[in-house]
Amino acid sequence: MSDLNVNGALTRRRRATLIEGRAARVQAGNGDSATGTASLVDGDFSLHDGQRILECSLERCHKAQESLLSSASGYRNYRGVINWCVVMLVLSNARLFLENILKYGILVDPIQVISLFLNDPYNWPAACLLIVLKFIFFLFNQGSFSEFTGFLVHCINLSILLTFPAAVVLWVPSMTSVGGAIALGIYTILFLKLYSYKDVNLWCRQLSTAKAKKLSRSLSYMYYFVLAPTLCYELNFPRSPKIRIQFLLRRLFEMVRKYFAMLSICPWMVPIIQSSMKPLEDMDLSLMTERLLRLAVPNHLLWLMFFYWFFHSSMNFTAELLRFGDRRFYNDWWNSESVTYFWQNWNIPVHKWCLRHFYKPLLRKGFSKMVSQSAVFFLSAFFHEYLVSVPLRMFRLWAFTGMMAQLPLAWLVGRFLRGNYGNAAVWMSIIIGQPFAVLMYVHDYYVMNYGNGAE
């Protein structure tokens, strides 16, 4: 009897252990109530309860399934892997950043960058160019012209918007390259906006819409369009209900943070560019390639930070201040599997302008899609060269050539590469193409200003 009692106690302990691990599954699988489960845990078993426990013990613990990292598994949550990549990127670049500071010191001083705009406060040609804009707005808003006279005034005004600031940048010695680039950039944006303004009002007059007849000219509305983060004019812009102060402050903080982050990358690039002059002069292809690859990483990081600073933080900040409703300033260009998709989605305001005011009008005039697309790339190449060569006061057509080279590259990638291979080709063109153009301009600027024999 004693042996039976001991064995019975051991059996009850085993059953209690099994139940603690499987009580939830027994309840879910058999629909038991909470009261029945509690009685099992207390050790008050019947023969039927013991059979159910054995059945649970014999449950299948294997099933046909794929490993998580297999494409057939359908698993898509790689957030931890992405975080790991970010941590590794930060650590590797932090080492290079510290190495540059220890070796070369602080080469780009943020205070010095700001002082470029404060030197000689009575001689600011870039600022004077921007002040002229108010006078242009006033004349542009009068509108007391005939159809032909108005068209002629528009053409003259648009021509002056591109030629006058370029002439000032080229002929005024005190104009810095940075100030000249900013002034030309603003005038280029104004040129595109006023061209859109001209087209939309022309279309309204041609359609003779009631909305066009009732629209009153307003300098304040013109200013709203000029300041709004868009290049395409509309009679009524979508507006957000209110200004979100928290959203506004977050974007402002991002703008300041990204500004100093971009400045922190510049000291990383300066020694690489300086050490690239000799290989470029000697046409040493192996060293040139090595310098190009060294420059590719910091240049690409700088470009990515500028993209976020301008297209996300700055444009959202402006849109929130003006309660501008359309916040689609970019699409998922990072998933581009073709060069064409990249150029259509990384800069939505410019893409909308080109599509609305240049590409579709060419199609309506009878030009083919290929010719119209080539014309769009030609226009983009012109403005890229305009915004680079004029502030540097030298014309080498590297930016123009780089943009026009996108046409054959787009054909090659679209013809021979698909999926991830196409996406990799787009990333390679971004990462390698830009630093190559940077090196070419820096080399030519160095030779032009300091001579071939300068060290």
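Note that Cβ sites are derived from N, Cα and C of the backbone, with glycine treated the same way.
Unlike curated records, TrEMBL annotations are generated automatically.
Features as listed in TrEMBL:
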ACT_SITE  HIS384  active site
TRANSMEM  81-102  transmembrane segment
TRANSMEM  122-140  transmembrane segment
TRANSMEM  152-172  transmembrane segment
TRANSMEM  178-197  transmembrane segment
TRANSMEM  256-273  transmembrane segment
TRANSMEM  293-311  transmembrane segment
TRANSMEM  370-388  transmembrane segment
TRANSMEM  395-413  transmembrane segment
TRANSMEM  425-442  transmembrane segment
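Spatially, the transmembrane segment (370-388) is adjacent to the transmembrane segment (395-413); three or more Cβ-Cβ distances between them are under 8 Å for residues at least 6 apart in sequence. In sequence order, ALA399, PHE400, GLY402, MET403 make up the list of same-chain residues 6 or more apart from HIS384 (active site) whose Cβ falls under 8 Å from its Cβ. For the transmembrane segment (293-311), the residues of the chain that approach it from at least six positions outside its boundaries are 93, 254-255, 258-259, 261-262, 265-266, 268-269, 272-273, 276, 329-330, 346-347, 430-432, 434-435, 438-439, judged by C-beta separation under 8 angstroms.
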